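What follows is a short report on a single structure.
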Amino acid sequence: MQKISVLLFLAWVCFLFYAGIALFTSGFLLTRLELTNHSSCQEPPGPGSLPWGSQGKPGACWMASRFSRLVLVLIDALRFDFAQPQPSHSPGEPPVSLPFLGKLNCLQRILEIQPHHARLYQSKADPPTTTMQRLKALTTGSLPTFIDAGSNFASHAIVEDNLIKQLASAGRRVVFMGDDTWKDLFPGAFSQAFFFPSFNVRDLHTVDNGILEHLYPTMDSGEWDMLIAHFLGVDHCGHKYGPHHPEMAKKLSQMDQVIQGLVERLENDTLLVVIGDHGMTMTGDHGGDSELEISAALFLYSPKALFPGAPPEVSRFLHTYSAAAQDLQVKELHRLQTLFNKASADYQRLLQRPQGPEAALQTVITELQQFLRGVRAMCIQSWARFSLGRMAGGAALMAAACFLCLLVSQWATSPGFCFRPLLTLMACGLAGTIVCAGLLTTTGLKLDPVVLGAMAAAGSLLPFLWKAWAGWGSRRPLVALLPIPGPVLLFLLIRFAAFFSDSFVVAEARATPFLLGSLILLLIAQLHWEGKLLPPKLLTIPRLCFSASTGPPRHNGTHALGLGVGLLLCIRLAGLFHRCPEETPACHSSPWLSPLASMVGGRAKNLWYGACVGALVALLAAVRLWLRRYSNLKSPEPSVLFVRWGLPLMALGTAAYWALASGADEAPPRLRALVAGASVVLPRAVAGLAASGLMLLLWRPVTVLVKATTGAPRTRTVLTPFSGPPTSRADLDYVVPQIYRHMQEEFRGRLERTKSQGPLTVAACHLGSVYSAAMVTALTLLAFPLLLLHAERISLVFLLLFLQSFLLLHLLAAGIPITTPGPFTVPWQAVSAWALMATQTFYSMGHQPVFPAIHWHAAFVGFPEGHGSSTWLPALLVGANTFASHLLFAVGCPLLLLWPFLCENQGPRKRWQPLGRNEAEARVRPEEEEEPLMEMRLRDAPHHFNAALLQLSLKYLFVLGIQILACALAASILRRHLMVWKVFAPKFIFEAMGFIVSSVGLFLGIALVMRVDGAVSSWFRQLVLAQQR
Amino acid sequence: MKDTDIKRLLYTHLLCIFSIILSIFIPSFFLENFSILETHLTWLCICSVFVTAVNLLLYLVVKPNASSKRSSLSYKVTRFLKCCIYFLMSCFFFHVIFVLYGAPLIELVLETFLFAVILSTFTTVPCLCLLGPNIKAWLRVFSRNGVTSIWENSLQITTISSFIGTWLGAFPIPLDWERPWQMAIERKYKMCTSLYVCTRHGASHCPQVWPISCTLGATFGYVAGLVISPLWIYWNRKQLTYKNH
């Protein structure tokens, strides 16, 4: 009952946070209104007649067309310098050998030979530079908005007026071939279309070869007015290998041949446009707004000489939009309107006097340009518009939830704590709100689900706040309200404040390890200050009485110091895997983040592969060693068997998959099918194994070995079932016979009754680590599939992750006293360090809280052919990749509570060691009463155990909660900041996602501990039953 | 505890502060273009030498701790050599700590090392002067109830405040206020935007900004400790009872 109420309460607190986040998000991230109006030939765009009237000419609309046909070649990610002509080298200089330079020779040739027929421009792409946003922008002429960036791979039809629709309605035949994103954007708009799947960024050739198969036949058939060919090879090559790979040179040369072939086939009335939709960074990614990403090439060619210009239709759009949306600033709108009126009047005047001076024309042009810039600026301002009420409400809700966490985590440690009032309060609030919401809906008010959820959350919070308020002044002093010790409070405050500075958010990858390191050193210094680090005899002055104030140290000083230095070293090493934020151009990302497949050198590749497999084996060995150390490996339970045999199998599968993935292109053609098949099967097999392992663990979580011998004399001294003297240290260490005695005492009453039957001695091994063994097993099982989703070399980071959390746990355990019967607590510094470490590992795994830095590769692990139309599976894979560290640390959070108990046996073990010789005496010595019960102490006090779990999770939620609160406050206070869309908004979104993942992980972790607890209880019950028989 | 002791403490501390101020102004008479920010490393060396000299002088003059029983020359020499070795070791120790905290490993080694030297000057040198090369005594002083005199108490306060100052000095590093002592010197030197990484054209082309904020933080922390500790001791002189007095 208590367990369920803990879980319910946790779920409710999570719900409070979610409601706050949802409310804030709905106010903060607004989308743009899309107009469905369409232009038509009958309504001219501006006042007065057009210069080149369409009257009489066939096929013309507002203006006469200069070219009757168009070939649009869209080469994805064609950066400007890919197409830039290379100056011929002077003989002394070595030629530039970058693989992407100077490969489009035919552009250069045409520009030199026919300068009046061809132009090459550098076009600037509006960020976000993702393909769908760019396609929308290119065909509608509008601005892409922030929210659209999320739906890159699930694009929907464009409802706004656009080029393709206009052409189709004018009766032109538009033929398309290439990227199937167009299919979603313009359903049914093409007279003929050849779509090829675009999502698989590892596949360089399918789309391009498909286009080439159809391009020339279609062109020769002549049944088209506009021919669009969207090549994806260059973009995918960038994603897979980066621009500096020889593969890029091959791809660009292929594109060169394509353009050459098209130029040869062009007829006189046809215009050829070669355009890149965006650029790519040095690593081949895109999505942001760095200079390399927004510079794209635009090349025009026609056998006929090129061109004059035309006035825009922007004013009418603005007018219509302002009427429809009413969110543009009236003053600015008015100013722009007058500017436009003046410009168009000037224009009309100019038209009436065709021989007017050049200067007048220039003024008109500048006025129009001014007008366009003004419109652009205003649109950008307006399409990021906020709803302040919702933002404030969301932030307030989150703050209240944080306060609640603080309050209840404090109640949970107080001696007279019980769970029932928590639940009743919560239930009262929820019920009241549901009734209110029901009344509201019946009265016909339509409410957003977000608002409804927030109302429910706020309503159920109110009783708590009221109770806190009521019990404020009388019983609790003000100091008790802030239970966090000073230094940790300072750390939390620094972390809170750091979210308000864009520099610190950008530098968080460095700032978090700094804070973590400081916290660790502080812990060590504190240990020393308290006198726990060193034995008192080292402190030479005998007059100082240390031993009076503190108990004997459980660890010697070098131990804790070594742990601290090891931790710092691990953190520093993990820092080598950082990816640079875009804002620091001089910073270079770690080269180890790219997959092995992108490496060119064979030898280095093999070495790295060896290192990665080594990391894998080391991780496995470490986990097994740990389990053997606490000897949970001997049990015949299925989950233990799985750890012994399934884990190596998983490691093997992972290693094999890496080998295939990094060398797939070098495989001989005969084996291609096999390799392709294996790269599908292996990751799925590993994931399946992990899932089945977790299932087994949930089914039989108790990993103890039971040795039962009937008929042995039941005396107080015979405690182990070993017949001879224990020969190995292992026998002494692992058998924890006192557990049995403890059990006996617990059930003594029943045993007395059944004394007449044959006595039975049961020795349960390693019952003392049963909880943490299950946790560690679960974490390892979780880590393997997550590891598979990352690039190969990140496996080293996973190894470091396990290592440093192990060291941290040991260090923290040195500072946490065990209060044997009383309430168990996990100190704040432990929880803060744990949360900081989760953030630090997030960065060490090569992530940054910006969208271009997301590892999209993860979606293809196990699905090299893409996912078809489903979007949730790739989203899940990418999410698991991004928030792997959040998940692992959240699930592992209960270890913070368990570990001090686990470390308890270290002290006495040392004492036991020399006693092997005369073990008979040793066994009967009264010291045995102090033999470690380890985690069974927790079981002794189930009420305190549950309270401690609740308190731990609330503390963790509080630490995470103030982070998300700080992000939300920063995003709302600095919403007009220059960096809001670049730094604060993505940080908020990542932090919110991380919070959700963490809270779910935390919930699962707590639930796992409770499951183990339940299983242990039933195990005891079975044992007692067996004895009674 | 006598008030004269506190007075002596105050005077010695004022002398230390004075030496730091001197290290700022005196070199500009001898060196051209000297300023703390532009020729930071030179200042670091000079400041370190000044502070060490004043500390040694005060140690010889004031003799705050009881004189050692043996005073043979060889004993003094070995003691002095031991002190030197301890000082060097503490420099290396701090260097390693800075690298572990995120300072660059390969580039800017000299800067990091001089930073370690100045921090050692503020922390290790007073310890060596007062307690001698005796790690156990150090550990005792820096634990609860470990101090046995106002000198040790002030040593504790100045050392801890130096560390805190250094730690706080790291905070301005990521900010981009475009101050000369910060990393963002893009306008002058396009290639160096990050404090740590001046890679593209090698570290030598960049004006050295890396340890400036941290060393200044350490200096301010040290000075603050020097000012605070006599005041604090004076304030708490009723409560302070040292076990060996």
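Residue positions begin at 1 at the first shown residue.
Positions of Cβ are set from backbone N, Cα and C atoms, glycine also.
Taken from TrEMBL, the feature transmembrane segment applies to A:388-409 (among others).
Long-range contacts of the transmembrane segment (A:421-441) within its own chain (CB-CB distance under 8 A, at least 6 residues past either end) are made by residues 5, 8-9, 12, 408, 447, 452, 455-456, 458-464, 467. According to TrEMBL, the transmembrane segment annotation covers A:421-441 (among others).
What TrEMBL records for A:447-466 (among others) is transmembrane segment.
Summarising the annotation, TrEMBL assigns transmembrane segment to A:478-499 (among others).
Residues or ranges marked as transmembrane segment by TrEMBL: A:511-529 (among others). Under 8 Å from some Cβ of the transmembrane segment (A:511-529) lie the Cβ atoms of residues 487-488, 491, 494-495, 498, 504, 557, 560-561, 564, 567-568, 571-572, 574-575, 808, 811-812, 814-815, 829, 832-833, 836-837, 839-840, 843, all in the same chain and six or more residues away from its ends.
Sequence annotations record features per position, and here TrEMBL assigns transmembrane segment to A:607-627 (among others).
TrEMBL lists A:639-661 (among others) with the feature transmembrane segment.
Sequence-distant contacts of the transmembrane segment (A:673-699) (same chain, six or more residues past either end, CB-CB distance under 8 Å): 638-639, 642-643, 646-647, 649-650, 653-654, 656-657, 660-661, 664, 667, 774, 777-778, 781-782, 784-785, 788, 861-865, 1008, 1011. What TrEMBL lists as transmembrane segment is A:673-699 (among others).
Summarising the annotation, TrEMBL assigns transmembrane segment to A:796-818 (among others). Residues 520, 523-524, 526-527, 532, 551, 554-555, 559-560, 563-564, 566-567, 570-571, 573-574, 577, 592, 611-612, 615, 618-619, 622-623, 626, 779, 783, 786-787, 790, 826-827, 829-830, 833-834, 837, 841, 844-845, 885, 888-889, 892, 895-896, 899-904, 937 of the same chain sit 6 or more residues outside the transmembrane segment (A:796-818) yet have a Cβ under 8 Å from a Cβ within it.
With a threshold of 8 Å between CB atoms, the same-chain residues lying at least 6 positions outside the transmembrane segment (A:883-902) that come near it are 630, 768-769, 771-772, 775-776, 778-779, 782-783, 786, 789-790, 801, 805, 809-810, 812-813, 816-818, 824, 826, 830-831, 834-835, 837-839, 841-842, 844-845, 934-935, 937-938, 948-949, 952-953, 956, 993-994, 997-1002, 1004-1006, 1008-1009. According to TrEMBL, the feature transmembrane segment maps to A:883-902 (among others).
TrEMBL lists A:956-976 (among others) with the feature transmembrane segment.
Here TrEMBL flags A:988-1010 (among others) as transmembrane segment.
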Stretch among A:388-409, A:447-466, A:988-1010 sharing the most Cβ pairs under 8 Å with the transmembrane segment (A:956-976):
A:388-409
Could you pull out which residues elsewhere in the chain have a CB under 8 Å from any CB of the transmembrane segment (A:388-409), counting only those six or more residues past its ends?
9, 13, 16-17, 19-28, 422, 454, 457-458, 461, 464-465, 468, 481, 483, 950-951, 954-955, 957-958, 961-962, 964-965, 968-969, 972
